[in-house]
Amino acid sequence: MNIQHKTSLSALTTMGLGGDAAQLVEVYSPDDVRQAVAYARQHKLPWYVLGGGSNTLARDDGFDGLVILNKIPGINVIDQTKQYTTFTVGAGELWDAFVAQTVDRNLSGIECLSAIPGTVGAAPVQNIGAYGQEVASAIAYVDAYDTKNDTFVRLQNAECEFSYRHSIFRGREQGRYIITAVTMRLRAVLPQPPFYKAIETYLREHSIANPSVRQLRDAVIAIRANKLPDPRATPNTGSFFKNAIVSREIYERIVADYPNVPHYDLPDGNVKIPTGWLIEQSGLKGALYRGMRVYDKNALVLVNESAKSYDDLAAARQHIINTVQTKFGITIQQEPLEIYTKKLF
Ligand code: EPU
């Protein structure tokens, strides 16, 4: 194994902040993963698995352990019928490169998840979602190394405990499983309306009646380019907060003052309110605080313009959380995960 020492985490995460990882290893196969974990155990190091670093924040004191950089390759069709094509994809493949391949084959299911940065292995962890699709709907199963029992396991979709921006991998069993491959089933049918509002608007403006999978991908790429800064050019981690899920009682209180509050009724009776809206209504859209900018086209995104440290980011985050809390009585929650020195289990 080729262990690298003292690697900058700011270069490995798209927010561009944070100290060094004491040690780092790139893994290219499930067996590399097993060996990396054995090495970490032998040297009494905590470990943390990183993909594209586009949904992970690093702290200033870095990580006094082993970063396992997941580079496991491979995009393979494992089953094909008239209706479906099933792919098994290595966790280290770039997510959008995989989406592009499915769109090339005219397959539907993840085309609205176009242009999301990061790797395939990271997609199930936070159950990536956008424009009416969630990766959970396409996933058949996830292969992983179970560090609790030192075995390779296959978790079927239901075992992954997917919910909004959440799964077993960042929830109940955070740190336990190292994802090696994701198997997804895509449909050989035209995408079916209704589409997400922003997509409907785009289709109308472009006079597209029955969009193909490629036209939907193009629509999403165009919409995203307007609303989300490209992490390769502007340090950020996409949505910095999760959308707020509140009780109907809290929603009723807000709607009394703001009759036009955007919201989605959830099946359990709770209501989802876009946090971008809450932040904008709190007067923070476009605000600069300790080098962190609340993005002027989308208040849900925090951009690192000139922050010097994770501490700057933490102060900006607290300021936003407190301001929204004071205005609406809602405590908003951060979306990205964090890498820091603490054994997870
Ligand atoms: N809104 C505002 N002000 C803002 C931003 C949004 O009022 O500054 C309002 C919009 O007008 C709209 C509502 O909030 O009524 C929802 O906005 P949008 O459709 O842009 O989506 P979002 O809820 O802000 C979520 C995902 C995005 C995903 C989009 C599109 C989360 C945390 N974020 O954002 O995902 O691309 O929907 O489906 O759920 C990500 O996770 O990194 C991400 C970019």
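Count begins at 1; order follows the chain as displayed.
Glycine residues also receive a Cβ, built from the backbone N, Cα and C atoms like all the rest.
Automatic prediction, not curation, is the source of TrEMBL annotations.
According to TrEMBL, the protein carries these features:
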type: ACT_SITE; residues: Arg165; note: active site
type: ACT_SITE; residues: Ser239; note: active site, proton donor
type: ACT_SITE; residues: Glu335; note: active site
type: DOMAIN; residues: 17-189; note: domain 'FAD-binding PCMH-type'
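Of the recorded residues, Ser239 (active site, proton donor) and Arg165 (active site) place their C-alpha atoms 11 Å from one another.
Glu335 (active site) sits 8 Å from Arg165 (active site), taking the CA atoms of both as reference points. A coil conformation is recorded for Glu335 (active site) in the three-state DSSP classification, outside any helix or strand.
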